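Working notes for the structure below.
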Amino acid sequence: MASPEGTDDEGGGCTGWFHVEAVVKKRTGDIISEDETEEDEGTASDLDGFLDNSNVITTQADRETAQQLLHAQNTYADTQTLHNLKRKYLGSPLGDISNQQFVCREGVKRRIIDTDVADSGYGNTLEVEATQQVQDNTYGSGKQQDGGSQTSVCSRENSIEADSDMDIGATPPQQIQELLKSSNVQAKLCYKFKELFGIPFSELVRTFKSDSTCCHDWICAMFGVNETLAEALKTIIKSQCMYYHIQCLTCTWGVVILMLIRYTCGKNRKTIIKSLSSIVNVPSEQMLVQPPKIRSPAVALYFYKTAMSNISDIYGETPEWIQRQTQIQHSFQDCQFELSKMVQWAFDNDVTDDSDIAFYYAQLADVDSNAQAFLKSNMQAKYVKDCGIMCRHYKRAQQQQMNMKQWITHICSKVDEGGDWRPIVQFLRYQGVDFISFLSYFKLFLRGTPKHNCLVLYGPPNTGKSCFAMSLIQFFQGSVISYVNSHSHFWLQPLDNAKLGMLDDATDACWRYIDEYMRNLLDGNPVSLDRKHKQLVQIKCPPVIITTNINPLHDAKLQYLHSRIHVVPFLNPFPIDTNGNPVYQLNNVNWKCFFERTWSRLDLNNDEDKENHGDSMPTFRCVPGENSRLF
């Protein structure tokens, strides 16, 4: 049977304690005595601890601990962020004490720049403005702070300028150590040089990229030199140079030396650095070595003015490039270029090739004012071409004006003394040639006598035919023609400007060509010669030497040449010693002695020259003379 609703059944079942809890003995409006109140309070105190609230207290304590931990972590993160910003933009206070905090690595900066991803264009604006503001404030206060990490927006100039403050509170050895640790030592040295001497090092020198290029004049800057060694340098270096200009300044790095030096001979940068390092005990990283700008008036004026001050030590005579640009008399000597002087120089020195003229005449700029004006001109190529053409014209006219005797005298005057005629005679005898008969024919050969104008050297290979003929052609400054060019109309053109010609190694086809087209040429009679880009010219063929392995006298098909040639057999192998050198020396010195020895036998004395007691030919002069008389 179901239980009835309500609580009428008091004390029944398990609900009795609810009844006790719910019974209200007092009603609204009843008077409560003080005794009951105290009893009630005592009753309430008896109920303390009836309910377990420890779980609620533990949960609240855990929540408060987590909030405190989060607050501590946020505070620490904010502190670190603020500290990083201060180090980034304001610098570290350690910079005022030590400079070790300011080591700006260029490689690190480059990596930062390379890895920096560009944003929309406004991401780095705050950083740049903050950096500029900090720098302005720093410079405005007249004090720079070192240390701290450098941002990627710092330029190379700012880093160099900040590095210069390393001088404050540091000893010279520490300065040198910091210098060697720098990422760009050369830039740091150049900045220090400008700070001390007031002029950039690059304005005084011209750059040589190669360390092996030689030069006489050099500018050397040495940093961190000991004072005793700096004074000793002035004495030790005198034995190696003709001139030096030394300036010594003292700074926190030690002694800094600026030296302009002219060595007795040309030296390269490697040699100079090695020599100076051994004297002043300074590594190559602490040196700047370059040649000076010898054509700069500003550089010449700088050394000229500093030479008059008391900070410079001078030894030797001042270089001409300084005198020329600073002294009045040298300035007056500057002149305009004259082609005639250049042609006269080329003629006197037998320089007829255009490349040789340009190269050797440019080297005279230090001693010749006309050569200096030539280098300053913008028409050097035209001047070189015109000079070569005129020099060749003069040489050709001089050669054609001389006879054989005068020409031999002329070429002998250009050969050194000390030769011996015996090796030539011994070589002819070694080949079985009768020397007396050879001289008789050689006399007619040099005169260009008809039917005696061609000398043929015949023999097997390696008998010295070409060596003998080439040495004679070289002494005579003759011309060589080659049958390989026979298909050209101009292959005989070299004979037009020669006193002696040569055709080396004539083959059977060459002899057929000579027999068909060149009979008059071998006779020594006048022939018509075709020249390239020029009109035909009529000349008398000079004496010709032909070397061959074929004896033309044994060939019946060449019978018309037999009376026009003289064959000299060379049948024995050319002698060579154990060192590979020829036993018989055939050179210009020996040929000169040979002609001087056989001068009378070759009948080179002419009656028309007896009245001339001086040179066979007057001295050529193409430079206009100057009248020194005053009217």
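Glycine is treated like the rest: Cβ placed from N, Cα and C.
Taken verbatim from Swiss-Prot:
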- G459, P460, P461, N462, T463, G464, K465, S466: ATP binding site (BINDING)
- 32-43: compositional bias 'Acidic residues' (COMPBIAS)
- K540: SUMO cross-link (CROSSLNK)
- 433-583: domain 'SF3 helicase' (DOMAIN)
- 28-48: region 'Disordered' (REGION)
- 168-334: region 'DNA-binding region' (REGION)
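Recorded features from Swiss-Prot, shown on the structure.
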residue: G459; record: ATP binding site; Cβ neighbours (10 Å): 21
residue: P460; record: ATP binding site; Cβ neighbours (10 Å): 12
residue: P461; record: ATP binding site; Cβ neighbours (10 Å): 10
residue: N462; record: ATP binding site; Cβ neighbours (10 Å): 13
residue: T463; record: ATP binding site; Cβ neighbours (10 Å): 20
residue: G464; record: ATP binding site; Cβ neighbours (10 Å): 23
residue: K465; record: ATP binding site; Cβ neighbours (10 Å): 26
residue: S466; record: ATP binding site; Cβ neighbours (10 Å): 17
residue: K540; record: SUMO cross-link; Cβ neighbours (10 Å): 11
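Sequence-ordered, the extra residues of this chain that approach the ATP site, with Cβ no more than 8 Å from the Cβ center of G459, P460, P461, N462, T463, G464, K465, S466, are T547, N549, F570, P573, F574. Rounded to the nearest whole angstrom, the C-alpha distance between G464 (ATP binding site) and the residue listed as 'SUMO cross-link' is 29. Confidence in the domain 'SF3 helicase' (433-583), given as mean pLDDT, stands at 91. Residue pair K465 (ATP binding site) / K540 (SUMO cross-link) shows a Cα separation of 26 Å. Reported as a whole number, the C-alpha separation between G459 (ATP binding site) and K540 (SUMO cross-link) equals 29 Å. According to DSSP, K540 (SUMO cross-link) sits within a strand segment.
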